[in-house]
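Q: Below: one structure in structure tokens.
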Amino acid sequence: MMGSNSGQPQFIASTGNRSFSNAPLIQNADTNQIVVPDRKSWKNFFAYMGPGFLVSIAYIDPGNFETDLQAGAQYKYGLLWIILVASCAALVIQSLAANLGVVTGKHLAEHCRTEYPRGPNFVLWVLAEIAIVACDIPEVIGTAFALNMLFNIPVWIGVLLTGLSTLVLLALQQYGVRKLEFLIAFLVLTIAGCFFAEMNYAKPVASEVLDGLFVPQLKGNGATGLAISLLGAMVMPHNLFLHSALVLSRKIPRSVRGIKEACRFYMIESGFALMVAFLINISVISVSGAVCNSSNLNQEDRDSCEDLDLNKASFLLRNVLGSWSSKLFAVALLASGQSSTITGTYAGQYVMQGFLDLRLTPWIRNMLTRCLAIVPSLIVAIIGGSAGAGKLIIIASMILSFELPFALIPLLKFTSSKTKMGAYVNSIAVSAITWIIGSLIMGINIYYLMTNFIHLLLHNHWELVAVVFLGIFGFSGVAIYLAAIAYLVFRPNKEATHLLALTSENRHMVDDAGNTSMYCLPREDIVSMQLPQRQQTEDI
């Protein structure tokens, strides 16, 4: 089975050939492809390692750090349970995204293009692009803060310098998928090491941390809003598009065992990567909670804790824990911002290719997304300073939370559809759990949106005409939002997928050597989706 663009086979059929089962773990002239041998061995797991770490970056980006710091400063360890719930939900949802790509050979954006009419498909693409820009804003601001902490560069100049990360991305592209995945894993472990060292400095009380982790509570004004920001920063819509595409960088055996093994190993690999991300988020909240609730804080540090952002956190850690603590935080923040840039660019490439069947060269795609994120970040940094930039991160995180249903609902619909997934469709139990998770997320978002909007209308000093106009406009927007969600939920799937997976209904053929293999499926049903490489993209 041959990919349409690269001329390399995207997937390999299971032939039962004994000689292939003894092949090396990675054997391919194309360094951007990883071949999984057709053999039953735990060693195959190493071939699947990589995509989970790229996906996990979205859970430890500067946006997460910002909301984590505020959660710890304002509510100590009281919101740790949100991180636990969000991490468990993320593992389930990300596993579904990986399964969709493994089973069908198409990623989520491509399924949306074939399933929905042109109008809804275009709207979903616009929303996905907005989500990617909203995700890029914290990366821009976080990198600028890190440069300020390390080299005393003004924040607004740091915002401009983040555009140079495109050059870093271009340099990385020359070395293939595997080295990129190793680099991302190294950056993730660097972030983890920095914050684990911070934990050693801060010394939070273990019993209080465990209580906040396993006892749900929302106490105090603003706890609900901050909890939604935590949720929005944890489960990101663009990550679903990204994960379903990253798994296509592997050539896996197209047998029943091969498909099941791929789904199982991808879930294990994602679970390990997300566990590291979970521990990092727990560390950030614990450090912030321990420092801001310390009994020996001076008044200046207490004021910083009242409105804590990424930039103030550096000075706070330096004052309370020492200069090394501040530098460790800055290094972790810089690693987070730069690694998030890479995954955000790839997600944008997949989204554009999937929804519109267009491909931009990666540096153009990166600069386009980065410029859209730099403009509002630069304006806010110049006018509002670091405090305004910190608030912009919270707003971006909430935008991601409200946009999540427009990626999550199609994913749940497709993976629960037998016409698309065949024998690998979600079980009733998995479908029920994932729909409950999705419904809770959407319900919380809608509740928070309505309560805050009504509060805004009732507690303001505007003219009556302005209040009426804003009320009509706001409730119309909510109605459109709910109608769009209802459309995605209740619209039946119409497009069947030609499964790449072997099922009980597939016919077999016997070659001259007597080996049984699966009939090759139509070539146009296999999408050759690689990580963006300059030699494989068309300039537009």
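Using N, Cα and C of the backbone, Cβ positions are placed for all residues, glycine too.
So TrEMBL says this about it:
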type	residues	note
TRANSMEM	42-60	transmembrane segment
TRANSMEM	80-102	transmembrane segment
TRANSMEM	122-147	transmembrane segment
TRANSMEM	153-172	transmembrane segment
TRANSMEM	184-202	transmembrane segment
TRANSMEM	222-249	transmembrane segment
TRANSMEM	270-291	transmembrane segment
TRANSMEM	328-347	transmembrane segment
TRANSMEM	367-386	transmembrane segment
TRANSMEM	392-412	transmembrane segment
TRANSMEM	424-450	transmembrane segment
TRANSMEM	462-490	transmembrane segment
Q: Do at least three C-beta pairs under 8 angstroms join the transmembrane segment (42-60) to the transmembrane segment (392-412), pairs 6 or more apart in sequence?
A: no
Q: Establish whether the number of Cβ pairs under 8 Å between the transmembrane segment (392-412) and the transmembrane segment (328-347) reaches at least three, counting only pairs separated by 6 or more residues.
A: no
Q: Are the transmembrane segment (424-450) and the transmembrane segment (328-347) close enough to be called in contact, which here means at least 3 C-beta pairs under 8 A that are separated by 6 or more residues?
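A: Answer no: the transmembrane segment (424-450) and the transmembrane segment (328-347) share fewer than 3 Cβ pairs below 8 Å.
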Q: Near the transmembrane segment (122-147), which residues from the same chain, at least 6 beyond its ends, have a CB less than 8 A from one of its CBs?
A: 58, 61-63, 65-66, 109, 112, 116, 153, 155-159, 161-162, 165, 233, 236-238, 241, 310-311, 314, 330-331, 333-334, 336-338, 340-341, 344, 347-348, 351-352, 355-356, 369-370, 372-374, 376-377, 381, 386, 389-390, 392-393, 396-397, 399-400, 403, 406-407, 410, 484
Q: Is the transmembrane segment (184-202) packed against any residues at least 6 beyond its ends, judged by a Cβ distance under 8 Å, and which are they?
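A: For the transmembrane segment (184-202), the list is 50, 53-54, 56-57, 60, 273, 276-277, 279-280, 283-284, 286-287, 290-291, 317, 321-322, 324-325, 328-329, 331-332, 335-336, 338-339, 342-343.
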